[in-house]
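Lifted from TrEMBL, the feature list:
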ACT_SITE  D67  active site, proton acceptor
ACT_SITE  N136  active site, for ring-opening step
ACT_SITE  H138  active site, proton acceptor
ACT_SITE  E143  active site, for ring-opening step
DOMAIN    14-228  domain 'Glucosamine/galactosamine-6-phosphate isomerase'
Amino acid sequence: MKIIRAKDYSDMSRKAANILSAQVIMKPNCVLGLATGSTPIGAYAQLVEWYNKGDLDFSEVTTVNLDEYKGLPRDNDQSYYYFMHDNLFGKVNINKERTFLPDGMEPDGEKACKDYDRIIADVGGIDLQLLGLGHNGHIGFNEPGTAFAAQTNCVDLTESTIKANQRFFASIEDVPKQAYTMGIGTIMHAEKILVVVSGEDKAQIVKEAFFGPITPKVPASVLQLHRNVTIVADEAALSLL
Ligand code: GLP
């Protein structure tokens, strides 16, 4: 596990974007596993800037996202589909047919999960998976406490996740209570994993996840077992180490 120390959020974003762009340059037809949440926004903005300068070409890149809220249509500005189009896909020359997320509007959970697993298998697996870190140690929407699910699954979001995401919705009642998420097994199969973390409020979970015991109570702790993980974190997030 390699930890890259960044000065602050913008330094973290630039360093993470460097790793993502190196992947695209070295393997133009790579499969990127992408994440939502506020943490990767700066890295996406940096990629868009480099693309606009002519330094990056996404035309052969395929993406699979970690998760999607169940029941939010694509045009809802809180859906992860919308987020990805707003922050990245709509701003670079990626082939939209090759950008995948779980289908949040598929009401049949079993079907939605199976379909997404098939997509991930069909694209041939993930070269580089980007991850944010939830305050309770969740990755994607794999919440603490349950056995690590290997594949895509439908999860009931925890109180703390619903509360954390409330800031993006008009009221807490509007926050979806369920989501489809790529499973820990699939995440662990990615060739490389890049975790981005920023802020003092993540310092405690950084310590627990990467320096504490490996346990389903802290889903991100499983990453300690992966052979190629890079964590790019700012000083505030590393302040308890
Ligand atoms: C959400 C997403 C996660 C993300 C997490 C942290 O719940 N499903 O993929 O990593 O929030 O978000 P943030 O980066 O905003 O702290």
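Note: Cβ is positioned from N, Cα and C throughout, glycine not excepted.
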If one measures from the C-alpha of E143 (active site, for ring-opening step) to the C-alpha of N136 (active site, for ring-opening step), what distance in angstrom results, rounded to a whole number?
8
Which site among D67, E143 has the most other CB atoms no more than 10 Å from its CB, taking these as active-site residues?
D67
Assigned element (helix, strand, coil) containing D67 (active site, proton acceptor), judged by DSSP:
strand
Cβ neighbour count within 10 Å of H138 (active site, proton acceptor):
26
Tertiary neighbours of N136 (active site, for ring-opening step) (same chain, Cβ under 8 Å, six or more apart):
E143, P144, T158, S160, T161, I205, V218
About how far apart, in whole Å, are the alpha carbons (Cα) of H138 (active site, proton acceptor) and D67 (active site, proton acceptor)?
12
Taking the domain 'Glucosamine/galactosamine-6-phosphate isomerase' (14-228) alone, what is its mean pLDDT?
96
